[in-house]
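Per TrEMBL, the features are:
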type	residues	note
DOMAIN	55-425	domain 'Aromatic amino acid beta-eliminating lyase/threonine aldolase'
MOD_RES	LYS266	N6-(pyridoxal phosphate)lysine
Amino acid sequence: MSNVKFYYGGNVPLEMHKVRIVQKLNLVSIERRLEAIKEAGNNTFLLKNRDVFMDMLTDSGVNAMSDKQLAAMMEADDSYAGSETFTKLENKITEIFGKKYFLPAHQGRACENILSQAFVKQGSVIPMNYHFTTSKAHVYLNGGTVEEIIIDEGLNITSEYPFKGNMNVEKLKALITKHGAEKIAFVRLEAGTNLIGGQPFSLQNMKEVHTVCKDFDIMLILDASLLADNLHFIKTREEVCKNMSIREITRAMADLSDVIYFSARKLGCARGGGICTNDKAVYLKLRELVTLYEGFLTYGGMSVREMEAIVVGLDETMDENMINQGPQFIEYMVNELKKHGVPVVTPAGGLGCHINAMEFLSHVPQSQYPAGALASALYLVSGVRGMERGTVSEQRDENGNETFSNMELLRLAMPRRVFTLSQVNYAIDRIRWLYENRKLVGGLTFVEEPPILRFFFGKLATASDWQTELVAKFKADFGDNL
Ligand SMILES: *Cc1c(COP(=O)(O)O)cnc(C)c1O
């Protein structure tokens, strides 16, 4: 996709793969969509896939595999101990990251459990560019606290800054001085910072963070789950890295890390996860926990077929033409929406397109969950399923008061190599229509509110009967079309 220019102009992301297996999609009528979203309590997590046209909920475990990955899965070597497949994976990790020791785990959060149990103690402080839900939860479970020291630019919704995922190095030094290096269990850098819109950090920033960590003898841990996008952005946005290959950039990042872990539900387009390091003492400490929580050291809770898929997937991650499809589709979508005045997070990141619901639905008060309302409304008018990333995803405080989220975002994830550009254009079209008709969209209120993780299972009702009006306007504009 990288170097193709269209003679007649236009910034068209051209796929460098062809599709050889397809899955039929259903686009159910708007009447059915209205029923479905009511049944789901306006919570897109509770929709059934049969009612969904484009599933943009997440990029986790839903990326398309390549022909080579599927073929490799057929020749997996199954055995409890000593499987040849595991040796292949271990060798691939060493080849790509230059790390001698590899520990398998069933997914990303399992790596976080193991690392936190091994290194986080009561009173530990863990500086991060930004937290991810599960990484933070495991630190707190083990008695530690998280300090988010992303650069200020990272939290600006609209920006031109290319590396919004950078860590503020001055704040890192200040934290270490304040708490003392022995209190800092490790520093965690997250590639493709998930919760702020898949935003990357630069190699330069990582070097600076590494230097500080070395000065104070603190371990630097890289969460490489969203590494593929971060690699693409370093290559395309960081001038000094323009002529480096993806493999070289990866190795440079790995050399700056003491420990790397990843969710293979994202990295390598398969399922599973793992941790690697060159430090033997670290390896031995983690090894016990892997056998306790995950499984024997040659599978760690993964099926051997998935491990074969990861081997090939990691190799394909080193190919710019295999990893740029996601970010380029996202960039296309973000730019098209921006062009038409729809408020989106900029610059485009990895992971997906993020719509700023606070501005999109500026007439809906935060107490009525604008991002949740927008997720519900978009599903209703399009069959596109996104994910609320706003106040619904937060938890009430100990007095039962609402904790308002800093941002109210509707995340539309872009699973890799799954959608075609016309499907993306369809989503853009319906979002534009909804934007023009945004005043018809109202808020939501909880009818069933679980005390923890309410965004997964909670049910909400509309604050007024706005959905009926929205359906009527849709039918007036689209007739009997879907
Ligand atoms: C998804 C994700 C994880 C957790 O991985 P799972 O496989 O879902 O457990 C950790 N870190 C980041 C940055 C992620 O995006």
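Yeah, the Cβs are placed from backbone N, Cα and C, and that goes for glycine too.
TrEMBL entries are annotated by machine, without manual review.
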- Note on the structure: Averaged over the domain 'Aromatic amino acid beta-eliminating lyase/threonine aldolase' (55-425), the pLDDT of the predicted model comes to 96
- the residue listed as 'N6-(pyridoxal phosphate)lysine' has how many other Cβ neighbours within 10 Å of its own Cβ? 30
- Query: Per DSSP, to which secondary structure element type does LYS266 (N6-(pyridoxal phosphate)lysine) belong, with helix, strand and coil as the options?
  - Reply: coil
